[in-house]
Amino acid sequence: MKAHEVNFDGLVGLTHHYAGLSFGNEASIQHRFQVSNPRLAAKQGLLKMKALADAGFPQAVIPPHERPFIPVLRQLGFSGQDEQVLEKVARQAPHWLSSVSSASPMWVANAATVCPSADALDGKVHLTVANLNNKFHRALEAPTTASLLRAIFRDAQFFAVHDALPQVALLGDEGAANHNRLGGDYGAPGIQLFVYGREEGVDTRPVRYPARQTREASEAVARLNQVNPHQVIFARQNPDVIDLGVFHNDVIAVSNRQVLFCHEQAFAKQGELMRQLRSRVAGFMPLEVPAREVSVQDAVATYLFNSQLLSRDDGSMVLVLPQECREHAGVWRYLNALLAADNPISDLRVFDLRESMANGGGPACLRLRVVLTEDELRAVNPAVMMNDTLFSTLNDWVDRYYRDRLTAADLADPQLLREGREALDTLTQLLNLGSVYPFQQEGAGNG
């Protein structure tokens, strides 16, 4: 059955700031306390969405979350009216304010893991929300992510959205950032590659930085998503590259159809994995980048592999890259050699995503890939699909509500909280989502 890969991109939130919250993510730590520009960040993301939609790649948007997230501050013992809660936490424990104000939900590659209907035992599209257990600021995301996904994929005839796994380290799950699908046409059954960094009872793990994904979590997600057991491979990421800042697999590898574009040091037992994929994926084409041409450190600094690999109708592929790749002589030289070589990649598209990149999120972090048949695509909430009208509407919305300068100190401003809630209230109407945010549900309950 004919199917399309639809990229659902996260819209950057109003509290986008640089707080260095993500240990193991080198860009996040490096840019701590830099002044951010939320308006520019949102517009950079929207420009990528629109450019890809205009190029014929189906594109949709996933809204930001409610931030600062007051309910969690109340759970941590801060009381009073919302404005009083903000004032108390800013004075007594400002690090909590930064955590509950993170705009990290923009990186929707971590929102969920997706199973297309062609791979599912029950023939539905499955999405299992990621618990993001390894980082406090990200572990807050799961309930709102589930609400948003259910408002977008609302037809139970076609879609099943599963809540996140229990919030324990044993079941740490980072979503689609540690998941790749390989095969032929999107609508045909494919092989799902789940990548993990640690496993209970196995000592081989990184030393410097945490391995966020467990094998136990990957196996549970595959079960929840009803992936046909004959179409699954579980592979361990090389712990040495995690220690070099490869905190998700999508920082060192990206797949599309029969192609796996990755660094030669991406996986533990990489030769064995490539043999397995060759035997199970017809026409499998690994594009393994040698360390002598691009080091792991340079791949992390430029986010070469945090790119999007997209298929055109003629079978050729486009590699969507951050501007940092073009600015690095060695990486750009490699990419031009790749373009000239015998493989499906026929075009490089470069985008300026500096606001997201400075927090450690490139093109691939910003998108959740969902393979949909024509019928399934028609069942998606149409208001989230990117087109000329939505692009214009969202740019106007950003201009109206977003600040062009934000520091950690600004997070205590009660006006920022009010601006954010008003903005999201408007957005839920624009995107026909209903009351998906806790502040909207509280308002309804108190009325």
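Note that the numbers count up from 1, one per residue, in the order the chain is shown.
Placed from the backbone N, Cα and C atoms, the Cβ positions cover glycine too.
The active site feature in Swiss-Prot is assigned to Glu174, His248. Annotation source Swiss-Prot lists active site, nucleophile at Cys365, citing sequence analysis. Annotated substrate binding site per Swiss-Prot: 19-28, Asn110, 137-138, Arg212, Asp250, Asn359, in sequence order.
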Expressed to the nearest Å, what is the distance separating Ala19 (substrate binding site) and Cys365 (active site, nucleophile) at their Cα atoms?
18
Fewest other CB within 10 angstroms, which one of the recorded positions Leu21, Cys365?
Leu21
Check the Cα-Cα distances from Glu174 (active site) to the recorded positions Leu21, Asn110, Arg138, His248 and tell me which is shortest.
Asn110
Checking the binding-site residues Leu21, Asn110, Arg138, Asp250, which are within 10 Å of Cys365 (active site, nucleophile) at the Cα level?
Asn110, Asp250
In whole Å, how far does the CA atom of His248 (active site) lie from that of Asn110 (substrate binding site)?
9
Mapped DSSP class for the residue listed as 'active site, nucleophile', helix or strand or coil:
coil
